[in-house]
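K.L.:
Dropping the structure in here first, questions after.
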Protein chains: 2
Amino acid sequence: MAPAGLFPIGLVGCGTVGTGVVRILQSSADLLAAQAGQSLTLRHVVVRDLTRARDVDLSGCAVSDSLDALIADPSVQAVVHVVGGVEGPRQDIVRLLQSGKDVITANKALLCAHGDELFELARSLGRTIGFEAAVAGGIPIISTVCTALTANRILAIEAILNGTSNFILTRMLDRRQIYDDVLREAQQLGYAEADPAMDVDGTDAAQKLAILAKLAFGTAIPFDRIARQGIQNIDLQDLLAAADLGYRIKLLAVARLMTERLEVSVQPTLVRADRSIAMTSGAHNFIAIEGDAVGVLKLAGAGAGRLPTASAVVADLVDCVTGRAACTFQALLRLQQRNPLPLHPSADIARRQYLRFNVADRPHVLADIAHVLGRHGISISSVRQDETEDSVDGTGVARLVILTHRAAEGCLQAADNEIDCLDSLRGPRIRMPIAD
Amino acid sequence: MAPAGLFPIGLVGCGTVGTGVVRILQSSADLLAAQAGQSLTLRHVVVRDLTRARDVDLSGCAVSDSLDALIADPSVQAVVHVVGGVEGPRQDIVRLLQSGKDVITANKALLCAHGDELFELARSLGRTIGFEAAVAGGIPIISTVCTALTANRILAIEAILNGTSNFILTRMLDRRQIYDDVLREAQQLGYAEADPAMDVDGTDAAQKLAILAKLAFGTAIPFDRIARQGIQNIDLQDLLAAADLGYRIKLLAVARLMTERLEVSVQPTLVRADRSIAMTSGAHNFIAIEGDAVGVLKLAGAGAGRLPTASAVVADLVDCVTGRAACTFQALLRLQQRNPLPLHPSADIARRQYLRFNVADRPHVLADIAHVLGRHGISISSVRQDETEDSVDGTGVARLVILTHRAAEGCLQAADNEIDCLDSLRGPRIRMPIAD
Ligand SMILES: NC(=O)c1ccc[n+]([C@@H]2O[C@H](COP(=O)([O-])OP(=O)(O)OC[C@H]3O[C@@H](n4cnc5c(N)ncnc54)[C@H](OP(=O)(O)O)[C@@H]3O)[C@@H](O)[C@H]2O)c1
Ligand SMILES: NC(=O)c1ccc[n+]([C@@H]2O[C@H](COP(=O)([O-])OP(=O)(O)OC[C@H]3O[C@@H](n4cnc5c(N)ncnc54)[C@H](OP(=O)(O)O)[C@@H]3O)[C@@H](O)[C@H]2O)c1
């Protein structure tokens, strides 16, 4: 058993987040002890590759490439598990909980896929799972929803939850750069994953939104029910055209209560340039959460990165020591037992839209598109057609930007399908809602 | 004793905040029970004037104009105390703690004056004091500092903590209105107190800053050590001149670590118009808090008002039920035992400044002022002199706006004193720092 005054901990994974946790445990040891009432002492570190050099000093603890020694050590009551992937981490965390340890994870993919099952296991074993770092990194949005806003019925969440795609969108506009160049830069800066697909296609943001919405609305949202669109097809001209109209394009994650049904989506959206969410720049995250008592509360800060993410992980660790984690986790489990809300069929949601097509520059193309829209009851509020410089097959390619009045998503999708069959289309088209 | 499943509570004060608490307890009873695991049941309400009509239904509980019945009821474990003033609330809260009850207060004046003593009493009795609502109303800044940012050494707090003065400053500029008219409107809207002196002279913001800084930096800040300046002398022309230069004037509350010393001030400050703190409008509050791990975290929302403030009070109440309040309060007490930081002598702090004088429009006035500044080593970066329309004593009155390069506060104060002796000054002058 641990000597009184020491709180031994384990760490599984020692990459970006893991080394950040080690760094904070070492550099802020006194402050943490003052707050926790015990000294947080790193006893075990588990990694995949024992030969890899780490940017932190692990000399004081047992380093292993297996969980066994950690599991076998009864003095360790809490383990930080910061490894990506789903199946491996799931099995690890099950073992850790079963061996009587509280777990802290930053893995949103895991929680989105298996959160319910892991929470239930923790409950049945009298253990806790902390996951503040899994959503919006250093921004304390999980504790805000679970503890600060307990007096509120949550009405809406509108957020920027993926730093990489926000970095790309801001940088393209600020520096007039094209998508591929900025994506490469994001990878070099360590914002984007080596395979950045889940960042830019909205998967990462949707996983985080699912976790948040479950807590805020007591409603499990199957991942595939989240209307989801990425930023891959947005080009610099789209950003400039939106800016001209007084908007910024942001990858918005939205969960909103509408007449007792829940609308959930992740999609690039035009938001007025003077709103604070529009001004979220670089790799930062932003969350506006509306409660029936508090009104709109806004939080902004670093949504990822080594130390900001580790800041959230270590706060969860302190909560384990003080006993707060147990209180919070019990409340969270009770919260999840509420009556779930039905999801709002996305086909019913009506919004203004930004449509952009690259089309063969020949007669009738605009008329063809306008006819399709008209047939589906979608009315056009403005049109802008510019000749683009490159011509692909001898005929010029024109760029067509159409803003519509409010139209239902179902009608828009039906129109999309017909437009996609027009042979005058050149390259990917894009459609984005305009936030009112 | 209370039957299992019921958590009986008391309420002292049933004005703006108190009625908000009653409203939330009634309208969100199910949600609160789900989170707390017990039903929060209002058993006693104590007011001053029993004949006064209240905008809420108190039929289910004992209403009294004395604390005695509440104190005598051992089933009540937690009491919400939302009464203004200092001495009366202090005595009440001492009695409530001594009778074994946890207390929740929104009273920043009380905590600023007697927080240490009350916290120590609560500690010795094994009770807790919740005070989330005392700073920034509905924004969970106390829990952010005490629980979410435990892994961080706090480096700086920069905040708008008084909704009334922010409302006045925003409204004057937006509507080109004069101070007195907007102040009256703020009173009518219920933002300003009947006696709004403490709102506009910086007292209220300084009280809140003292509470926050104590938690964030572990350093008690005697109220009179906070450099404090109000907004009373700011006129519409100042706001317009600042806007012309690309700034907004905001009543900023700042606590900042500088070379291991703490700088603390509340004063109107010119901040660049494109910063999010500058865009905080109306009665909203804003807090940017910088930690060494998380970077800058920003929170914005309703800093006062009936339901937002009650939202924070009820969250504290749920924390009492779940046991989280006890964990947090223990951690907070430990946190306060850190080595206090010395305060930065304000005389040493060097910043750019906005100076405005109304002066007799006659020769040498500008030269006289410039000479005084020069003698104190204060160098001028720009000057603007406009003839004002009204002339007071036959001679015209000119408006002189001087921006300085960085200058130390001590030199500026010495210059202020000399300038105040110049007989060409007409009416109050103003000096405000420019945030870089
Ligand atoms: N990076 C961020 O800013 C951030 C923010 C929020 C959440 N997260 C989440 O935090 C988790 C970790 O992210 P990261 O960025 O720190 O990842 P990373 O830099 O790739 O590090 C992953 C670490 O896990 C270790 N590992 C892999 N498989 C393992 C196994 N089977 N057993 C033990 N260790 C194993 C790796 O060991 P080797 O070093 O030996 O290969 C490496 O140290 C992910 O779920 C991620 O989504 C990250
Ligand atoms: N209003 C806000 O937005 C806000 C926000 C944050 C913090 N606060 C703080 O919250 C506290 C209450 O503010 P408030 O705006 O709710 O004040 P308020 O509207 O003036 O209400 C004060 C209440 O206290 C009662 N009261 C006064 N003396 C009493 C006594 N000796 N015993 C029992 N009850 C007594 C009054 O009773 P009667 O009704 O019978 O006169 C009234 O119901 C203050 O400390 C304030 O600074 C307020």
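Glycine is treated like the rest: Cβ placed from N, Cα and C.
Keep in mind that TrEMBL annotations are predicted by a computer and have not been checked by a curator.
Quick paste of what TrEMBL says about this protein:
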- A:LYS208: active site, proton donor (ACT_SITE)
- A:VAL12, A:GLY13, A:CYS14, A:GLY15, A:THR16, A:VAL17, A:GLY18, A:THR19: NADP(+) binding site (BINDING)
- A:LYS108: NADPH binding site (BINDING)
- A:GLU193: L-homoserine binding site (BINDING)
- A:354-433: domain 'ACT' (DOMAIN)
K.L.:
Would you list, in sequence order, the residues of this chain other than A:VAL12, A:GLY13, A:CYS14, A:GLY15, A:THR16, A:VAL17, A:GLY18, A:THR19 that have their CB within 8 A of the centroid of the site's CB atoms, where the site is the one recorded for NADP(+)?
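P.N.:
The surrounding set, listed in chain order, is A:LEU11, A:GLY20, A:VAL21, A:VAL47, A:VAL82, A:VAL83.
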K.L.:
Near ligand 1, which of the recorded positions A:GLY13, A:THR19, A:GLU193, A:LYS208 are found, taking a Cβ distance under 6 A to any of its atoms?
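P.N.:
So the answer is A:GLY13.
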K.L.:
Would you identify the secondary structure of A:GLY13 (NADP(+) binding site) according to DSSP, in three states?
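P.N.:
The three-state answer is coil.
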K.L.:
List the helix, strand and coil residue totals of the domain 'ACT' (A:354-433) as derived from DSSP.
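P.N.:
The composition, in the requested order, is 23 helix, 40 strand, 17 coil.
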K.L.:
Per DSSP, to which secondary structure element type does A:LYS208 (active site, proton donor) belong, with helix, strand and coil as the options?
P.N.:
helix
K.L.:
As a test of the contact definition, list every same-chain residue at least 6 positions from A:GLY13 (NADP(+) binding site) whose Cβ is closer than 8 Å to its Cβ.
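P.N.:
Listed in sequence order, they are A:VAL46, A:VAL47, A:VAL80, A:HIS81, A:VAL82, A:VAL83.
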K.L.:
Look up A:GLY18 (NADP(+) binding site) in the DSSP assignment and reduce it to helix, strand or coil.
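P.N.:
Assignment for A:GLY18 (NADP(+) binding site) reads helix.
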K.L.:
Rounded to the nearest angstrom, how far is the Cα of the residue listed as 'active site, proton donor' from the Cα of A:THR19 (NADP(+) binding site)?
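P.N.:
Just about 23 Å between their Cα atoms.
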K.L.:
Tally every other Cβ atom lying within 10 Å of the Cβ atom of A:VAL17 (NADP(+) binding site).
P.N.:
29
K.L.:
In whole Å, how far is A:GLU193 (L-homoserine binding site) from A:VAL17 (NADP(+) binding site) when you measure between their Cα atoms?
P.N.:
13
K.L.:
To the nearest whole angstrom, state the Cα distance for the pair A:GLY15 (NADP(+) binding site) and A:GLU193 (L-homoserine binding site).
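P.N.:
Taking the Cα atoms only, A:GLY15 (NADP(+) binding site) lies 13 Å from A:GLU193 (L-homoserine binding site).
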K.L.:
Give me the CA-CA distance between A:VAL12 (NADP(+) binding site) and A:GLU193 (L-homoserine binding site), in Å, as a whole number.
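P.N.:
For A:VAL12 (NADP(+) binding site) versus A:GLU193 (L-homoserine binding site), the Cα atoms are 20 Å apart.
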